[in-house]
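According to Swiss-Prot, the domain 'tr-type G' annotation covers 7-189. What Swiss-Prot records for 19, 20, 21, 22, 23, 24, 136, 137, 138, 139 is GTP binding site, and it gives sequence analysis as the kind of evidence.
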């Protein structure tokens, strides 16, 4: 397959916001270059997962190799490295951009520039990529190509005199795009003589061959049967199978600098072949790895419990299998007095959490309850020890801790001007710190806030969408930890603390959250034979309380008239029974109560 010189190889990716037509554009390119036969074509060809096709988002990266005969009569090899467009997967995006020399910036001609487009463009510029702007969906009745072109020049700072106007759905402008990739994207550096260095930009688990690693050769050459070393995990493997993605796997004997392919080497788990790691030869290793590798760190944690306790082992197997494919997922066993056995799982962000939960329910037929998502807090104890805590129940007592720090993020919201007020109001209620506001055009604004991550993980995104009728888009990045006035809010039902309902909140909000929780639980916990107190407490101080009245039998029904002392005796006897029942009775907190707490409007 190495019949084409390096000068005729082009590696590029497509940058676009969700729904701007990236997958459709990739489909048309595969069709026009006859990479995929007409009869095999289906929509969103590169999105393999059922969930991706349904939500119309790209979760796992895909790659495809296309052969294209340009107008100059030469045959070129175009390697498309697809990227996920969502903020949770920005590390994966940065790695796949590092494997390219150019990028197509696809913008919807009716929507304009969105927040995630912007974030990914900056990543591409950091990697020194050549950016080719493309206006997509120009066939739509609401398309405003001139306004959007001006916006791209204004916001992104690209020269758009030769912007390509295309409609992936109608197949317009596809040849212009292919031609401009050949003309504008620089070829890879010709470094075949140097020691092997290749960048892993994706990997997935195949039950028969082990982990399949997608990589781009940066320097040198790799052959089937070579012994290779992964520089971050320090493990060595022998390559059993080497090939290119066209887009189905086609085996080859060797790949040289500039090419994109895959290999299998009986690797047991995706954790051993992390995205961003460098592959080098075990015999003549390269002196230094490629820059930019970091471990994917989970940012959001929550408990996953099976509704049926018998499914615990199934849940463990399912998580083990998902983990083979998803190195960013972490989990450890957890027990809760209210929910039984389950797992504490860590995710990159909220979308990642939702996708994992949905895949567990859909692919493994599990019925799950999730506890409220929490973030990683940093606690300094009075002894000077620093602890990282992702579960409110691990928080030390107030007298033992010196300070609690929480992660802060910078949120960029791009919105039509009419919604600026409501978005600023939302950010202020979430303890946001206003940083900056820029006007792109008369009608579009970029608002920048700094917010605690904990305020964003619950329902910030849903609120943003509903307040702006879906027009606003957001993008966030972590900016570090800051000290906060944080307390642990415990919920006591019948004087017993329910660990799954505990949460870490800001002191100023504790009363309102506690009050709302108590009222919500009063509605949801069924009445028992005895009176149940529901209390919200910080340490030993009760800050809010509600009571669920007892169900009681009318013991006076059989007394007609007669002496008052007779009635008193019966009532006192009943009260005594209720008192005894209360001391030994247990209260069942239904699952709806846990779910409702997640949806408490902060």
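For all residues, glycine too, the Cβ spot is worked out from N, Cα and C.
These figures come from a predicted structure and were not determined experimentally.
Here the binding-site residues are 23, 136, and the one with the most other Cβ atoms within 10 Å of its Cβ is 136. Within the model, the domain 'tr-type G' (7-189) carries an average pLDDT of 72.
Secondary structure at residue 138 (GTP binding site), taken from DSSP and collapsed to helix, strand or coil, is coil.
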